[in-house]
Structures are given as structure tokens and as C-alpha cells.
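Here is the structure we will look at.
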Amino acid sequence: MMQFVFVQFLVIILLAKHIYCISKAKSVQTTDDALEYLNKFGYNPCATTASKALCSLDFKSVVKNYQKRWGLKVTGTLDEQTKKMMNRPRCGLPDLTENKPINELKTRASKWSRNKLTWALRNGPTQLSLTKTTKIIEESFGEWLKYIPLDIQKVCSSCEADFVLEFNRDRHDDPYPFDGSGGTLAHAYLPEDGRVHFDSDETWTESFDSLQTNLFLVAVHELGHALGLDHTFNTKSIMYPAYQPMARDKILPSPDQDAIQDLYGKKTDNTVTAKSPTRVSQATISKYPTLRTTSSQTSIHGEMHTRCRLFLDASHLSPDKTFHTFKVGMVWRYLIDSESWETIPSTYRSKYKKLPNKVSGSVYKSVARLIYIFSSSHVYRYTVDRNNQIEFKNEQELPDYLHDAVGAIYYLSQVYIVKTHTIHLFDLDNTYEQSEPRLMTEEFPRFYGTVKSAFTYLNMHHFFTADRLVFIWSESLVTWKTYAKPMETSWFACSTPDTPVTRPDRHRHQHHRQHHRQHHHKHHHWIN
């Protein structure tokens, strides 16, 4: 009898444990659930103390911003498509972390300062042997190390190491508890912390054909964060925020390769790849880099520059950290550090080979180190090498619906061609599947007028209208930073002592590229 009671008691314990393991994270079903989700992932700048005084957004506006970013139909309502997307397994990094308080921000330039690093696996999941788990983690590091000159060696499971990987459940040795099966899958800390944690309650698998959670996919994603990469909304990328099945041979497409090489450079022939241990190195303890939070309000003294009276044909922030403006065959540079215009312009072709005299928009995609310059009917692509030298890559004719641009912006992690009253997605994959144009008045509330010129500078989208007004949309605050002001005196390169302009803080925003560079203050999750 006693033995029977003991067996019953043991069964109850096992059942309780099983019930705990299959508990699910809270799903988004109601408006309150959605608002909690949107606040958590950075879509409501008014949710933070730092920005409450700057904005007043209703629920509809916040939902619209979410829907735009995720490529959903923009309705402003919590429809089924939106709920479905919110309930997908995903990473816990806020999508718009620039809305978080400044002292919680982490620079996107985060990277490891040494080329020789170590990693240790403390334990493994119950579904896979420790030998198999070690092999998967080793291969996950190897995916990144195919492209960068780092030497990352495995050390013993109890050794000190730069990257420490372990499987935990519920509360563990950080402030971010796991929540059972189907919720948070894993989280990783930034360089140079190196902690990578996986939820033990998940059903981990090595199979790429299973409905269970593939350890390799999650590990590659989390190691991307641990190496310093941010998310991208490119669905083909391993750094896409939502967990999704991927083919084993297509783990790191070219944008991911470009992003990691932008941090560490390209792999050389004599670079050692990380496999079996050769030595045990002492892990260093590094401080998080500080982020400057001083005011950036300055004014330019002297007479207004001629550039400020003209509609610019195209403009972009150049890799040499100056601002290039194009007008009728000439390039005028605005020198950001000295807050002044250069005195002598140069011709287009001295810097941009094969460019026609008349252009209509430009974007510098810094992670990929590519410059796109548009004419009325063509796009000209330029590559940027490690010495910031600009080289012509190719010229391509645009489809008819992308003709006659008046500007170009880098918006919601995508290149958009701007026309007089609409914006159009420019397909970087060259398939040119026509997408629906978006009205300026719907995309940017309260906008009015006919656009004559447009560009992006540090996450701020500048629109100049035929009425000689400038509208500056802050993507991070999801509102107007400057609304219908005289264009001659109301943007960062054009102001006078009487009308100072609050400039974008380069020390804060220069890292706010929408693709991969890391800026989260603590860690990253995959959560449901």
C-alpha cells in the first residue's frame, strides 16, 4: 500500500512538472493585451517617461505604426491578421528601442574589442545529448565565422569564457525569467557580456522539418546578437524578429553577411575558425560604452547658404560622415563636425562615376555599404569600400511605376522612392513586384502640399514642398519633429541665429540604422 501511494505521489509530481513545462505565454486577444505588447516592443513612445511630454498618440496610430513595420494591411484596428502577427514566436528585443529612456539605450556600434575569444557550454537540453548540443553550438558559431576574422575557441564546460551558453528554466541568474514552453525561447546579452541563455522548457530539436524548436536556428540568431547584430525586417534574414523555419543552406543571406562584416571586417585566408579548444583564455570584463545625452541645439552663424534657398535634387549622409547634396551636376558637402558648408563644390562624376547631370533622390544603406542614386528612369548603385572609396557597381532601368521620383528615403528598414504625393517601395532584390503606393497624407498624418524634394538623415525624413516648407518626420517618435516651417531656415544644415534648429544628436542617432547594428541595453529574447 505504501509503495502504491508513493507511486501515485511520484506521478502527481511528474504531471505537475509536465503541466508547468507546457504553460504558454499570454497571447494577444484584447485591446489591452495589444497595448501591453506595443508598449513592450517600443511602438508607443508615450509609454516612456523620457518622451511622454513630446507626444500624444492614440491606440489607432500606434497600431498603424506596427502594421506598417511588419508589412501588414494598415487599418489601425486590432484585426485578426494583426493579432496573428503579434502572437507569433519572436525575439523580445523592442523593435523601436530608440523610444526607450536614453540611459537604457545601447550603442549600435557594439562589438567585441578582441579577435581571439572563447566559448563554453555549461549544459544542454533534455531532448539532445551534450555531444550533439555542443556540435550544434559549434556549427552556429561557425556560420558567422565563415565571414569574419575572429578566432573563437571552445573551452571546457566549467571554464571561464567570453561566451557562456546554458539552458535554464524560470528564474535564473539574470532579471529575465523564462516562461515555460512556447514563450521565451532564448535571450542573449550584448558585447562584451557574452551570456546566451536558452529555455530548458522548450522542446528542442536538431531537425529542420519538425514543428518543434530548432536549436541551430535559435542559436545562430542569438549569437548574432551576442556578436553585436540587431534585427532586420527582411524575412529572409536569420535576424528577423519572429522565429521561422529556414533551410539549412540559406541561414545567412548576403544582408546578414554584410552586416557582420560591417562590424568586424572580412575574413582573411589566415583567420582561424572556432572549433576544438587550443587554449583557455581568461575572459575580460568590459563596461558597456556610455552614450552621450547632452543637448544638440546649435545654430549656424553668418549669412544663409545658397543651398538653403534651392530645392536639392538628392541628398544622403555619406560614408565619410559628411552630408552630400546634389544639384545640376554638382555635389555640395555639408560638413557635419564643423556645421558648415564647404566653399567649393565638386562635379558629380568626380565622386560618382557615370552619374547623369540630373538626379532625383539618393539613399546610403550603411550596413550593406551601398549607395542608391535615382534619376527619372534609372537607379545607379555604388559600393563603398573599407576606406570609404565610392565605386560604381551598376546601372539599371526602373519599371514605369517608379519613374519620375522627386526624392528617396530610408523608411521602416526599406528604401522608398518619393513622388509628389506618394511613396513607393523600391525592391532591393530587383524582382520589382509592384507594391501599392502609399499616400503621403495617409502615411504621415497632417502632411499637406506637393513634395519637391525628400531625403533621410539620421532616422529623420525630410520633405520639402512646392510652398517652400519643410516637414521633418521622426521615425523613432512617430510624429513630426518639424512641421510646415520655412525650408530656408528650419532644418539641420540651414538655420540662422534668429531661428536655431534642434539638430539630430549624431552621438545618439548615428547608430540608429534600421538593420542589424546592436543597440538594446541588456538582452534579447525569442518570445511568443
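Quick reminder: no glycine exception, Cβ is built from N, Cα and C everywhere.
Now, the feature entries from TrEMBL:
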- 1-21: signal peptide (SIGNAL)
- Cys91, His221, His225, His231, Met239: Zn(2+) 2 binding site (BINDING)
- Asp162: Ca(2+) 2 binding site (BINDING)
- His172, Asp174, His187, His197: Zn(2+) 1 binding site (BINDING)
- Asp179, Gly180, Asp199, Glu202: Ca(2+) 3 binding site (BINDING)
- Glu222: active site (ACT_SITE)
- Ala408: Ca(2+) 5 binding site (BINDING)
- 502-528: region 'Disordered' (REGION)
- 505-528: compositional bias 'Basic residues' (COMPBIAS)
Return the residues near Ala408 (Ca(2+) 5 binding site), defined as same-chain residues 6+ apart in sequence whose C-beta is under 8 angstroms from its C-beta, sorted by sequence, else 'none'.
Ala314, Ser360, Gly361, Ser362, Val363, Tyr372, Phe374, Val415, Tyr416, Ile417, Val418, Phe426, Ala454, Phe455, Thr456
His225 (Zn(2+) 2 binding site) and His172 (Zn(2+) 1 binding site), distance between Cα atoms, whole Å:
20
From Gly180, His187, His197, Glu222, the recorded positions whose CA lies within 10 Å of that of Met239 (Zn(2+) 2 binding site):
Glu222
By CA-CA distance, flag whichever of Asp162, Asp179, His197, Glu202 among the binding-site residues is nearest to His231 (Zn(2+) 2 binding site).
His197
Nearest by CA distance to Cys91 (Zn(2+) 2 binding site): which of the recorded positions is it, out of Asp179, Gly180, Glu202, Glu222?
Glu222
Count the other Cβ atoms sitting within 10 Å of the Cβ of Met239 (Zn(2+) 2 binding site), across every protein chain shown.
24
Neighbouring C-beta atoms (10 Å sphere around the C-beta of the residue listed as 'active site'):
25
Need this for a regression test: recorded positions Asp162, Asp179, Gly180, Glu202, Glu222, filtered to those with Cα within 10 Å of His187 (Zn(2+) 1 binding site). What's left?
Glu222
Out of Gly180, His197, Asp199, Glu202, point to the one nearest the residue listed as 'active site' in space (Cα versus Cα); all of them are binding-site residues in the record.
His197
Quick one: of the binding-site residues Asp162, Asp174, His221, His225, which has its CA closest to the CA of Glu202 (Ca(2+) 3 binding site)?
His221
